[in-house]
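Working notes, structure below.
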């Protein structure tokens with residue numbers, strides 16, 4: 001678990017087709033993000049039309065993420081993981097950069113979609129805006145049809161010295177594995193990945209950071225309107241978030257692709273700073289400029305984190321375990337997200353302001369940054385132990 005992956009080689013890996021796959025992933029990410037961003041734009045209309053509390057509207061958004069209906073929520077969850085994993089399968093040399101550029105689709109949607117949807121609502125009503133959202137979602141089909149598995153993964157690379165050492169270590173542990181496997185049914189769920197402390201730390205850190213970003217985006221426009229910003233102008237708050245998030249994702253990709261970069265430190269630092277920015281944003285008042293600046297700074301940090309965390313995940317669990325790891329992450333995310341938006345709305349209903357909501361969001365990001373740092377330290381410790389085991393085995397063989 002988490003051992004170094006063999007270097008992929010072949011006709012498809014790092015080829016022009018690999019970059020085409022990244023473009024298709026960009027498209028699916030755009031549509032997925034439009035689905036989530038739409039809640040923040042349409043929230044004022046729902047509050048006026050449905051005449052319910054913000055906690056109830058938050059529950060509606062949670063069902064979408066865990067959308068206004070369950071079908072779209074399940075479909076989005078089923079597309080998000082393949083859109084991430086497929087990029088890592090096709091890229092080896094520039095994996096961090098390719099993953100970051102593909103994820104720009106998420107930020108580009110936040111940059112363009114709020115204004116488009118707000119104009120549609122003002123001219124044709126919120127129902128027409130939902131029809132526009134549905135048409136964008138339908139375009140994902142063509143892009144997703146390109147997501148075939150990388151044929152190079154089925155070609156066994158020639159063994160290296162590292163592979164031989166790994167094989168020796170695995171052989172030394174084979175008897176215990178055989179004994180343990182006899183007691184496990186074939187249809188049981190493989191939870192062995194949860195024995196990796198680095199993954200467990202990242203698992204919980206991602207949930208806190210993801211929930212914080214969802215709450216920030218869902219209520220950013222409504223918070224601006226509540227504090228005195230014009231409705232149409234308030235949509236530019238999320239546009240600022242999206243534009244700066246694009247910058248953050250691209251910059252993180254180039255930085256993360258450098259051999260000297262500590263991705264764990266890069267990710268944990270960005271999440272920690274995102275929390276500090278959210279806490280400071282409670283002083284934005286009725287200023288559109290301040291709301292946009294705080295949203296932009298948060299977008300940079302959030303974009304840096306989201307574009308590189310999957311590459312960090314590969315380093316922790318390995319490419320072969322990436323789909324399983326992301327499955328666990330998204331499963332827990334759905335459970336936690338189901339309660340995060342209603343809780344955020346409830347805090348507003350009780351206090352009649354957004355101070356408590358955004359303080360909680362900032363604290364979640366700060367704690368997530370600390371957990372990510374712990375994940376990096378645990379992963380480095382695991383690698384040192386594996387290196388010692390390899391050295392001991394090599395000495396015995398000699």
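Each residue, glycine too, has its Cβ placed from N, Cα and C.
Transmembrane segment is the annotation TrEMBL gives to one range among 44-64, 65-85, 128-148, and that range is 128-148. Among the ranges 333-353, 354-374, the one that TrEMBL lists as transmembrane segment is 354-374. Contact count against the transmembrane segment (233-255) (Cβ pairs under 8 Å) is highest for 96-116, out of 16-43, 96-116, 198-221, 354-374. Long-range Cβ contacts of the transmembrane segment (354-374) within its own chain (Cβ-Cβ under 8 Å, at least 6 residues beyond either end) map to 201-202, 204-206, 208-209, 211-212, 215-216, 219, 223, 226-227, 264-265, 267-279, 281-282, 343-344, 347-348.
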